[in-house]
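J.: I'd like to ask some things about the structure below.
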Protein chains: 4
Amino acid sequence: MSAADAVTDSLENLRARFIGVRDGKPADYIPQLALADPDAFGLALVSMDGHRYSAGEADIPFTLQSVSKPFIYALALSVLGLDEVSRWVGAEPSGEAFNAISLEPDTGRPANAMVNAGAIVTTALIPDTPEEPAFDRILRCLGRFAGRELDVDEEVFSSESVTGDRNRALAYLIRSTGTMPVDPVLAVDRYFRQCAIRVTTIDLATMAATLAYGGVNPVTGEQVVSAEVAAQVLAVMATCGMYDGSGDWLLRVGLPAKSGVSGGLIAVGPARFGVATYSPPLDATGGSVRGHAALETMSQRYGLHLMLNPALPGSTVTLVTTADDLPSAPSAEHERVLHEQVGVVVAQGSIDFTAAERVLYALDESGPNGGSVVLDLHDVTSIDSVALAMLHTGLARLLSDGRRAAVVDPRDLLGPPDVVREGTGQDLPRYATREDAVEGCARALAGEG
Amino acid sequence: MSAADAVTDSLENLRARFIGVRDGKPADYIPQLALADPDAFGLALVSMDGHRYSAGEADIPFTLQSVSKPFIYALALSVLGLDEVSRWVGAEPSGEAFNAISLEPDTGRPANAMVNAGAIVTTALIPDTPEEPAFDRILRCLGRFAGRELDVDEEVFSSESVTGDRNRALAYLIRSTGTMPVDPVLAVDRYFRQCAIRVTTIDLATMAATLAYGGVNPVTGEQVVSAEVAAQVLAVMATCGMYDGSGDWLLRVGLPAKSGVSGGLIAVGPARFGVATYSPPLDATGGSVRGHAALETMSQRYGLHLMLNPALPGSTVTLVTTADDLPSAPSAEHERVLHEQVGVVVAQGSIDFTAAERVLYALDESGPNGGSVVLDLHDVTSIDSVALAMLHTGLARLLSDGRRAAVVDPRDLLGPPDVVREGTGQDLPRYATREDAVEGCARALAGEG
Amino acid sequence: MSAADAVTDSLENLRARFIGVRDGKPADYIPQLALADPDAFGLALVSMDGHRYSAGEADIPFTLQSVSKPFIYALALSVLGLDEVSRWVGAEPSGEAFNAISLEPDTGRPANAMVNAGAIVTTALIPDTPEEPAFDRILRCLGRFAGRELDVDEEVFSSESVTGDRNRALAYLIRSTGTMPVDPVLAVDRYFRQCAIRVTTIDLATMAATLAYGGVNPVTGEQVVSAEVAAQVLAVMATCGMYDGSGDWLLRVGLPAKSGVSGGLIAVGPARFGVATYSPPLDATGGSVRGHAALETMSQRYGLHLMLNPALPGSTVTLVTTADDLPSAPSAEHERVLHEQVGVVVAQGSIDFTAAERVLYALDESGPNGGSVVLDLHDVTSIDSVALAMLHTGLARLLSDGRRAAVVDPRDLLGPPDVVREGTGQDLPRYATREDAVEGCARALAGEG
Amino acid sequence: MSAADAVTDSLENLRARFIGVRDGKPADYIPQLALADPDAFGLALVSMDGHRYSAGEADIPFTLQSVSKPFIYALALSVLGLDEVSRWVGAEPSGEAFNAISLEPDTGRPANAMVNAGAIVTTALIPDTPEEPAFDRILRCLGRFAGRELDVDEEVFSSESVTGDRNRALAYLIRSTGTMPVDPVLAVDRYFRQCAIRVTTIDLATMAATLAYGGVNPVTGEQVVSAEVAAQVLAVMATCGMYDGSGDWLLRVGLPAKSGVSGGLIAVGPARFGVATYSPPLDATGGSVRGHAALETMSQRYGLHLMLNPALPGSTVTLVTTADDLPSAPSAEHERVLHEQVGVVVAQGSIDFTAAERVLYALDESGPNGGSVVLDLHDVTSIDSVALAMLHTGLARLLSDGRRAAVVDPRDLLGPPDVVREGTGQDLPRYATREDAVEGCARALAGEG
């Protein structure tokens, strides 16, 4: 037994709580889907470190169905970019069922890529390459999301193909408005094949985690799509992923999600986790009964609502101290006096726009009037380009105001000295440790004094 | 000049970039609104620390109009709870214009609280109290969001009232389905009054920041609504706040937002900031032309997309080390041998479900096989109840597995000793500093050895 | 007992056949309507001669409700003309329920005058006059349709007014688009009053018969509206009168009709009869269960389908004979020879465009080549202006072709001699009887010969 | 020159009035259609006697397109009956464009057979027979409507097939709901073929006249479909034939009609005429600009509105006289006295329910109190079964009331003596002429007296 089994316990508890629910029944419009075991109930969670947890039948294979949609959309965005993809498919919730036969009045586009019409279009948008036919690209891309090679359940594919007139209708309708670059029958065929790709609950959670982790599969470490594309896909999942219940889902569960008629369901905690469930019995709207219940409970019990950020400020951020208050403050009186005139701002974690503002504000507040300030970046893991520019500008303003500053920046996060000089207009003393920096500032003050 | 002026610079830059845009024109369906200065363009940002930044005409007063909707919804949720409010108004994007005359077919509810129909209902839901008529409650609540007392622009109110037949139609329609507890004419009158409440761009940014900051006004420190209510409001803003352009807005801008026909616009970076713009010229869909452009650019330039979390993991989290690698590791050989058998897990920031998982996983990984482990909570700012239970369970599993552990928990975040004993099944040695804890473990190992 | 009791028998038979039907229940959204006797079942038929037939509770008073709509529309058309009325209300079936909250997207007009929205508008369109407030005009006009003074059931009116929010919503919505010349509350109040006007089944049948009889009340002989207006009203009843079941009704029953929630139902056989039923239990779509069944059966059993014209040609028309075949043909051989050279065209009934074509064609065919022809109009009851012009032109062509003609026109239906001369370019011999005309022609031929 | 050229004059006048209209342009979504001569303008009218009139380019061949729809519907009704056809396609105006992608929510049926969806279904419903494939049946049936063998414009067919994705979408959609008994691609192919059948304006007018004439082609005399089917088709044309302008068309023009994108247009005056126009330039809704204008003007100028029946009563009906007033009344005083006691009712034309009522009412009114009555059926052309039963019943009631009656019924329209005896309960004296009948009655009275 290990400590982390406590996480598995959480999943087991959820499973135990809802395994007894007998509502709903497996999709039966495709005969093969109706054969699914209604008692199977798998849950899985994958963390940003690639840790995988699961409970129940999380290894049983089943077909992706509509859960494929966000990943194909991600592939299309990667290949063609948002502007091009947006010419063919919108991003508005349609307020309609997943298989609604409707296109946007003005544009003729499907409302979004999470409904069948939009998914058929995004599928059709993936071009063949000289090396690889489109479907192989799709299959390979989904495999990179899952972290392993996937295959197609040919029986489900055939079964689906037989009952696919509504989707063929959609495909012809779409082409009739000009928004379909390939043959409708081929597009639908390819769409059905991708719906029939076989995964396990653990695969799904890994795929979800890849979206959560800025497009990087946290298990394999592979960058499957860009962070920007991952964010775009999550945004569309948030507004459109649960069809005409998307608004209520985001309100109550607070996680971008996507369900499929085979019983699979994924939800994403951006920068936190990917989670998936598998349970075939569906409610009247086509969502997995146990999956919905488990994720709603999980979100509420574990405080996972996207908008309910328990970390709030405080974490990625900065502390203002007078060097005098540091643990390493000297005991000698004359040194303490100098230290009192040196402020220290300690930043940690990733520094983005928001954190940069805090840093800059803290720099202004730190130290006695006009005193020196040390910016300690030792515990900072990264600084994005916006934050970097802000720090440069802010430090420049500080220095031009006559204040003295030094940085603890052992990994040159602020850039090499010449870049910093260009950004701030001055040389900025650098130190390896906070103690050295405070000491340096104190000495400078003493030297001045 | 101060470092933080770099933030103001950002707003000034945005203003400069879009002030020259001449598209759109002020709303004219209400004569008073048509009088607005089309050149006015204010921007404001309020941080989670209550820092306020602004540019342009951020002090000009204007009327809230539809920007009032999320705040009234918040008040209704606070007073009645989500379940009761949901009986009267839904949370689904309607895919329709803001003033669509449509109710949900099955329930007769307005689709959501961000369209007129839903806002009229939520307004009507606020009950009078013995001390205070409903409208005074509304006015006072909005004032708490803004951090100052607000008032009504009586001329706009009158003007609006004259042209309000469509909203009266909505109100009667709603009452005809039973979903309106008050007189339609009164409800619409009250709704028009709240639309005519006067604010500045800085007020709006503060109101937005209050939603971002878990319902706490970051300037006044007042808890205006609960964190849960703030999250619910943000979720509905995310899916429904920009009417029939909500999906595209979340895709491209990535921030819950709400616009009003007077030219105001707010957007929220949960746990990060509230931002607002004011510019009266509107596009065909009723959104502020410059406001939309500025926020979209701001989001993209500063990486503010809700789903694009640059902090990703790494920040709120934990480090695994062998005590041997600590800066304070002893130089004496025999002590080093002992230290090599002690792992150390350093956590920092707020610990929630996600962070707790990382801590537990790190505990499992730390130290040599079966060795001791120190959990250092010195830099942890808070542990939520879910994380606390997980830590207790995880530590219990660790101990029952025969491993030795100690914690650095100077503020008793894990709870008083008896609670920890109950949670983990054993006494857990506590130390004030990491060094002491490692030392203690090393000695115990030595004693055993 | 009289022969015409056979007609009453038909109504009694229908009543007997359906009185046992227990489906449906009286409208209950207005408490007063729910008090109606579910067993009451009246039927009435009024012929174009003003003969009245009835069966069952045809004398029980009830309120008009939506059956008022076509008559108010007729009044509005009479007062304002089709073009003006069409500016405010359309004439398209909406495919929606009677109380749908929808207006035409482009025009903001209600779809048609048979749905509530349209009826409220047409009611509002009736202007007050110096002598008479609008509602009194409405009441008086409906009385002229019924052939007696009508009054308002004040209790139903009050009851309706209490539950009328949906209609008030419609009225405000309509005014918000500019298509409502009066105060919405007043318009709805007036609409409710007209819905509460009290009639019997016999009144309804008389009102229907007035529409059938070109706007003339066949009982009183009063011209209530013009024939053109009556035709316009019937056209709208045909496409929109039965709400979203109008198409199926016209297909199966084939009679313009209108139902009301109080249980009244009218149907019109243009130029043939007006019929009405009264039976309060309604089906799910708000139509009288027994009424629908009775009228459908009646139409099928008695061949009343508008498009199934059993009279087909043959009736209003002409016969071609050689005078030799007439009953009054002379026996003398030499006279018979002459008669053989005279054709006779006998017309009867009303002559319109269609009949005129038959007459002209018959004139061409009649008589031996180039022989004489007698047009006998003795049994013609009327010739409309189009037919008159055609007969003049046709006769002119005949005469200019060198053929000899004479007319039997004792009532100068072709106009006075100078008009005929102007129309045909020649004098046309006229005779009082066919015999005289044939004789005249024969003599002329003899004289020529 | 002939008299009937006056009818041709009417068509020529209409043509002259509108040939100068330059609005609209030929359909161009099918390349072949865009090649049509925009100046071609043909008009044709066919009467119930099979007389054909035409003006302009009435002999130019063009393709049927949507004008085929009512005739295929007629064929489907003939083969399968209304109940079976109604299982697959509705009869409600959809309020939508001709190519709307929508099916009835509850039933999955296309709204009606006049929109593409419905037409594809009705086409698909026609079964192959051992002797004849379905399309050959369709082609042959349309030929019987036109009175000549028709063929397919293969170029238009090919052209149409290339651009037919929207219709293929419809076909797949329909099959997906189960309401399509054949392969969607085949059904659409067949539908396109029937749209490409070639006709002239005169053909169209003949086809329309066949619907007007109870399903009998008035030129060939062939019964193409039953009178019932013809009436059903006309009813659906009346409510749905002009797509989303059907209501306004019936209001203003008052004739069941159907237009096609090739420029053809038919309208039907039931029991009066069929009329057609051909002019390729279409308005925005896809209707022939000149065709619409010409038919609207024609209807108004010639009083052809279905609901505006100028014949009103009076024509098919009866006269009440005292025999004393007959032309053949005797001059001898004692005979006149007897004659005064004999009433005479003269009926003429076709006797249906409406006319039978008039006859019976007249019988009651005729003659002095309790006197004798003669019913003269000499000029009656037919009596339908309902009227016959009513006459029997009415005469029985008369006789049982002690009145004496006789009939003039040279063609035994009332049935052979034994049938009459059974129907009326008594022998009824029959005479060959009115004079004989009056004489017989008078003598009987004298014998009694």
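A Cβ is built for glycine as well, from the same backbone N, Cα and C atoms used for every other residue.
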J.: Suppose a student reads TrEMBL and sees B:Ser66, B:Asn116, B:Glu160, B:Asn167, B:Tyr191, B:Val261 listed for substrate. Which of B:Tyr213, B:Tyr243, B:Tyr302 should they find annotated at that same site?
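T.: Record check against TrEMBL: substrate site with B:Ser66, B:Asn116, B:Glu160, B:Asn167, B:Tyr191, B:Val261, extra candidate from B:Tyr213, B:Tyr243, B:Tyr302 is B:Tyr243.
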J.: How many angstrom lie between the most widely spaced Cα atoms of the substrate binders B:Ser66, B:Asn116, B:Glu160, B:Asn167, B:Tyr191, B:Tyr243, B:Val261?
T.: 21
J.: If you average per-residue pLDDT over the domain 'STAS' (B:332-391), what number do you get?
T.: 81
J.: DSSP on the domain 'STAS' (B:332-391): how many residues come out helix, how many strand, how many coil?
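T.: Output for the domain 'STAS' (B:332-391) reads 28 helix, 22 strand, 10 coil.
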J.: Ranked by the number of other Cβ atoms within 10 Å of their own Cβ, which of the binding-site residues B:Ser66, B:Asn116, B:Asn167 ranks first?
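T.: Compared across B:Ser66, B:Asn116, B:Asn167, the most Cβ atoms within 10 Å surround B:Asn167.
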J.: Give the number of CB atoms, excluding that of B:Glu160 (substrate binding site) itself, located within 10 Å of its CB.
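T.: If we count other Cβ atoms within 10 Å of B:Glu160 (substrate binding site), we arrive at 25.
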J.: For B:Tyr191 (substrate binding site), what residues in its own chain, 6 or more apart in sequence, show a Cβ-Cβ distance under 8 Å?
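T.: Same-chain residues close to B:Tyr191 (substrate binding site) (Cβ under 8 Å, separated by 6 or more) are B:Asn116, B:Ala119, B:Ile120, B:Thr123, B:Ala124, B:Asn167.
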J.: Look up B:Val261 (substrate binding site) in the DSSP assignment and report helix, strand or coil.
T.: coil
